[in-house]
Amino acid sequence: MRAACELAARVLEYAGTLVKPWVTTDEIDRAVHQMIIDAGAYPSPLGYGGFPKSVCTSVNECICHGIPDSRNGDIINIDVTVYLNGYHGDTSRTYLCGEVDESTMQLVKVTEECMLRGISACKHGASFKTIGQRISEYVDEYGYSIDPFVGHGIGKIFHSEPIIWHTYDYEPGYMVAGQTFTIEPTLSMGGTQCTLWDDGWTAVTVDGSLTAQFEHTILVTGDGAEILTMHPR
């Protein structure tokens, strides 16, 4: 898990350097694919449930699972998952493309802080519902909406239990040291209603409002959580 997550973080960092107004998401996909293959790994999304690309690129009002194509946008989430030596590592972040206004920058900043606050709730014996509680309490200060997508267990399997809610929830369950899962809140400036494009993957806000997302894979420890996909600086 450490090796897979470290590679995912490096790939995402590289993908972020490619975010420029004249670079298409398709070009980012090709570059990410090549870097993953060169590292002796496989891009987990490629072929997963029929997904046709090696990375998810979600632009502006696209909440998640965007398929790379010829578009550019103002903000873009790049979601990288790699499969290395039998384990998956999953991480994403939202990048600014060109000049964006203050309200958009705030959305991105608050979304990243929500992820970090969710992570801060994690430790052996903690209730899973505290993740969504901490995120929701912070979001309430800004009036954003939390989109109805969840984090997930990850390891030898790409998506597994536990399901990680980013909103207030009443699901039972407690964290156990050694568990690995993702925390990946998506926030929008408008409502929470979303719709899927005909491709069966691309989820967009119904009202066209901008969205942002950040994601880390974490390891639960006895007294906290270790971020396995910490982005290199």
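Along the chain as shown, the residues are counted starting at 1.
Placed from the backbone N, Cα and C atoms, the Cβ positions cover glycine too.
Annotated in TrEMBL:
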- 1-221: domain 'Peptidase M24' (DOMAIN)
- H65, H159: substrate binding site (BINDING)
- D79, D90, E215: divalent metal cation 1 binding site (BINDING)
- D90, H152, E184, E215: divalent metal cation 2 binding site (BINDING)
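Separating the Cα atoms of H152 (divalent metal cation 2 binding site) and H159 (substrate binding site) is a whole-number distance of 6 Å. When the C-alpha distances from H159 (substrate binding site) to the binding-site residues D79, D90, E184, E215 are tabulated, the minimum falls on D90. A distance of 4 Å separates the Cα atom of E215 (divalent metal cation 1 binding site) from that of E184 (divalent metal cation 2 binding site). Excluding D90, H152, E184, E215, which define the divalent metal cation 2 site, the same chain contributes D79, T91, S92, G151, I154, F181, T182, I183, H216, T217 within 8 Å (Cβ to the Cβ centroid), listed in sequence order. Between the CA atoms of E184 (divalent metal cation 2 binding site) and D90 (divalent metal cation 1 binding site) there is a gap of 10 Å. Using the Cβ center of D79, D90, E215 for divalent metal cation 1, the list of other same-chain residues with Cβ within 8 Å runs, in sequence order, A8, C56, V80, T81, T91, S92, T182, E184, T217, T229. For H159 (substrate binding site), other Cβ atoms within 10 Å of its Cβ number 17.
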